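Read the structure below first, then the notes.
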Amino acid sequence: MSSEDSLKSLSLDYLNLLINGQAFSDVAFSVEGRLVHAHRCVLAARSLFFRKLFCGLDPNHQPPPPPPPPLNWPTAGGGGGGSGGGGRGGAGGGGGAPATPELVIPVSSIRYEVLVLVLQFLYSGQASVAAPKSGPLPGCGARGCWHTRCGAAVDLALDTLAAARSFGVEQLALLVQKQLESMVKEASVDDVMKVLMASRKFEMQELWATCSHLVARSGLSADLLAKHLPIDVVAKIEEIRAKSPLAAAAAPRSPFLTHHYLPMNPASSAADRDNKIRRMRRALDAADIELVKLMVMGEGLDLDDALAVHYAVQHCNRDVVKALLELGAADVNSRAGPTGKTALHLAAEMVSPDMVSVLLDHHADPNSRTLDGVTPLDVLRSLTSEFLFKGAVPGLTHIEPNKLRLCLELVQSAVMVTTRDDGAPVTGGEAGGSDGGNFPRSDADDSLVSLTMNSTLMYQGQEMAAAVAAGEGRKSNNGRGSPPPAMYFPNGFA
């Protein structure tokens with residue numbers, strides 16, 4: 001066996017001691033409700049931090065007494081038989097050393113995965129800083145992610161780097177630095193900036209140089225960088241840009257068209273697009289509009305191609321949609337799906353007054369039509385008709401009638417305003433004149449007021465029907481059904 005093989009075997013033996021060392025451990029670390037068993041002699045020999053820690057424990061803590069001699073072990077006094085009997089009694093009949101209480105040290109400054117990585121390196125001299133591929137990693141919700149450049153993998157590496165510096169394990173810190181240098185080349189801009197600040201804190205010049213050049217090439221403006229980085233760091237990045245041959249090419253570009261001058265790999269463009277969309281959706285779910293802005297300006301994310309507004313309307317709250325639209329990088333009237341629905345169509349189908357109002361406030365077109373010619377008003381009119389004739393919408397029992405009425409009024413008002421602004425007369429009997437504007441009055445437009453009256457009667461009728469149904473429920477069932485809903489709508493669609 002060569003010396004290299006011997007060292008590998010020794011490293012593996014020590015690693016197995018850590019993995020299966022509960023029976024022989026004399027110290028345990030309590031982290032995140034889990035115990036990690038270890039051995040003070042190994043940790044003290046490998047790390048000055050642990051040596052000082054174990055030497056500076058509570059003075060009331062006394063080291064465990066030496067174990068009694070094993071069975072039949074020759075002693076200076078000779079009496080082998082007597083010691084043997086005492087050995088059995090002291091060991092409880094097991095013939096071994098009496099168990100000593102294990103020292104438990106609570107740990108709150110680092111997480112479980114980081115502590116395990118540090119201990120693995122201390123025991124074996126080797127550690128894989130990269131997260132397990134395709135396995136679960138806290139902080140990463142993407143299915144099938146290989147954790148080579150995701151934010152969770154970067155955070156794990158940064159936490160391991162900080163722990164290595166705290167424990168005085170410089171070799172592990174260098175190993176993590178090399179890992180980060182390869183990760184940042186494919187990581188997002190916000191992750192690169194996190195690594196940049198960590199390299200500055202720990203004075204890692206090579207990692208600093210790599211990250212600073214990547215941020216300089218990102219195309220983010222100095223004003224935006226100043227919101228996330230110290231002023232002196234922004235100044236150094238601007239100096240790098242001034243010396244870079246890409247500065248002249250990047251200067252006249254729009255902030256929303258960055259990275260277009262960088263080489264693209266067609267083979268990975270589809271995977272990159274899907275990864276960007278997943279990260280954008282996670283940012284929207286977390287209401288992190290700044291991260292979305294960084295992705296737009298630093299990575300060239302197309303919000304319309306990613307259907308950002310549609311996703312936000314369906315899965316986020318009003319404030320997120322409002323902030324997203326105020327970025328100015330998304331078209332509120334962009335279409336999605338095989339029928340070409342706009343975000344306003346989705347808001348109408350959801351019967352969400354909050355979404356309808358915020359979209360209309362940001363100039364959503366109430367007259368936009370799908371490929372089938374359906375407008376948002378048509379969607380609401382159809383839902384209203386279902387309520388008028390059936391009293392409820394099949395599959396949409398969660399819809400509140402008051403919200404439906406409010407959505408209807410909002411869209412109707414927007415249609416009227418749009419029609420008036422486009423030049424269609426709306427006063428007196430001239431509403432149907434032959435010289436109408438771009439949106440001539442039709443039978444649908446003429447029925448807006450009638451539809452409002454009918455919808456108002458609908459809600460009043462539903463309240464009356466509910467009261468009658470409650471009264472009938474208290475009576476005995478005599479076979480007479482409740483009156484049909486149409487009796488409450490004398491001016492309905494009959």
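Cβ atoms here come from the backbone N, Cα and C positions, even for glycine.
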Segment assigned the feature zinc finger in Swiss-Prot (from 122-136, 137-151, 392-406):
137-151
For the repeat 'ANK 2' (304-334), could you work out the same-chain residues 6 or more beyond its ends whose Cβ comes under 8 Å from its Cβ atoms?
256, 273, 276-277, 280-281, 284-285, 287, 289, 292-293, 296, 341-344, 346-347, 350, 352, 354-355, 357-359, 361-365, 368
Let me know how many other Cβ atoms fall within 10 Å of the Cβ of C150 (Zn(2+) binding site).
25
